[in-house]
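These come from Swiss-Prot:
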type     : residues : note
TRANSMEM : 42-62    : transmembrane segment
TRANSMEM : 92-112   : transmembrane segment
TRANSMEM : 120-140  : transmembrane segment
TRANSMEM : 149-169  : transmembrane segment
TRANSMEM : 194-214  : transmembrane segment
TRANSMEM : 224-244  : transmembrane segment
TRANSMEM : 252-272  : transmembrane segment
Amino acid sequence: MLELLQAVLLGAVQGLTEFLPVSSSGHLLLGQYFLGLDQDRFGLSFDVALHLGTLVAVVVFFRRDLLRMAGAFVRSLTRGRDLSEPDQRLAYLVLAATVPAALIGYLWEDFFETAVRSPWVVVFNLAFVGLLFLVAEAVGRKSRRAEKMGFAEAVGIGLAQAAALVPGVSRSGATITLGLLFGLRREEAARFSFLMSAPIIAGAGTLQLGEVLAEGMGAEQALMFAVGFLCSAVVGYLAIRFFISFVARYSLRAFAYYRFALAALVAALLLL
């Protein structure tokens with residue numbers, strides 16, 4: 001029963017913090033350090049379940065955008081590219097943002113998962129990225145749609161996504177911040193951030209799923225897989241819905257202050 005409750009909690013934490021700009025890896029690392037919550041104990045299959053759950057959350061929430069983009073991409077292959085068409089341009093912008101993140105993640109993920117997994121790294125990045133939120137809110141024009149970005153800007157946001165391999169940075173936080181600095185409206189920066197997360201999550205999940213299927217799952221692993229998947233999917237969907245609605249009306253300052261408070265609390269606990 002205790003393991004089942006931990007699986008529920010880990011799935012909920014993953015779904016919530018994957019899409020809110022507070023760092024999912026940072027919160028999971030802190031949960032492991034202070035509460036003994038360790039998703040590794042459930043094996044690779046549980047990690048795959050969390051990835052697939054958050055992927056389902058993105059796909060379901062943005063299903064109309066993704067269908068339009070997929071259709072536009074197919075048309076570009078059969079009829080030629082027309083990057084003045086918004087859906088086609090957005091599809092290629094997401095592709096341009098995905099490539100650098102995928103390459104860096106593939107080549108350097110093991111390094112980031114071992115060399116920088118320290119609570120003090122999380123403390124620093126929570127505070128530093130919170131400061132970047134305030135800067136982006138102060139200087140960003142917040143007037144453009146995602147489809148109006150240039151491809152160099154999309155690649156830059158892709159590099160920001162790769163930086164989130166470091167615990168405490170936050171994938172959504174880094175990409176949304178850079179989107180604001182590039183002049184995107186808050187809800188557009190969030191929309192682009194979540195859309196570009198889909199191929200990255202799908203790629204990582206697919207690679208891991210192959211290993212899981214090759215190894216097979218016992219009854220207990222299958223139960224934990226189902227629990228992790230459902231919790232991360234449901235909570236992830238609700239987190240996306242909340243955040244898109246929130247940033248349409250409010251700034252990121254509340255999340256910056258949350259990051260500052262959490263960084264201060266964790267630093268105090270580490271020093272005790």
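The backbone N, Cα and C atoms fix where each Cβ goes, and this holds for glycine too.
Residues 69, 73, 76, 81, 83, 146-147, 149, 151, 154-155, 157-159, 161-162, 165-166, 192, 195-196, 199-200, 203-204 of the same chain lie 6 or more positions beyond the ends of the transmembrane segment (92-112) yet place their CB under 8 Å from a CB of it. A contact between the transmembrane segment (224-244) and the transmembrane segment (42-62) is present, since 3 or more of their C-beta pairs, 6 or more residues apart, lie under 8 Å. Scored by C-beta pairs under 8 angstroms, the transmembrane segment (252-272) has its highest count with 120-140, from the stretches 42-62, 120-140, 149-169, 194-214. Two recorded stretches are said to be in contact when at least 3 C-beta pairs lie under 8 angstroms, sequence spacing 6 or more; the transmembrane segment (42-62) and the transmembrane segment (149-169) fall short of this definition.
For the transmembrane segment (120-140), the list of distant contacts is 21-23, 26, 29-30, 166-170, 173-174, 177-178, 180-184, 251-253, 255-260, 262-263, 266-267, 270: same-chain residues at least six beyond its ends, Cβ to Cβ under 8 Å.
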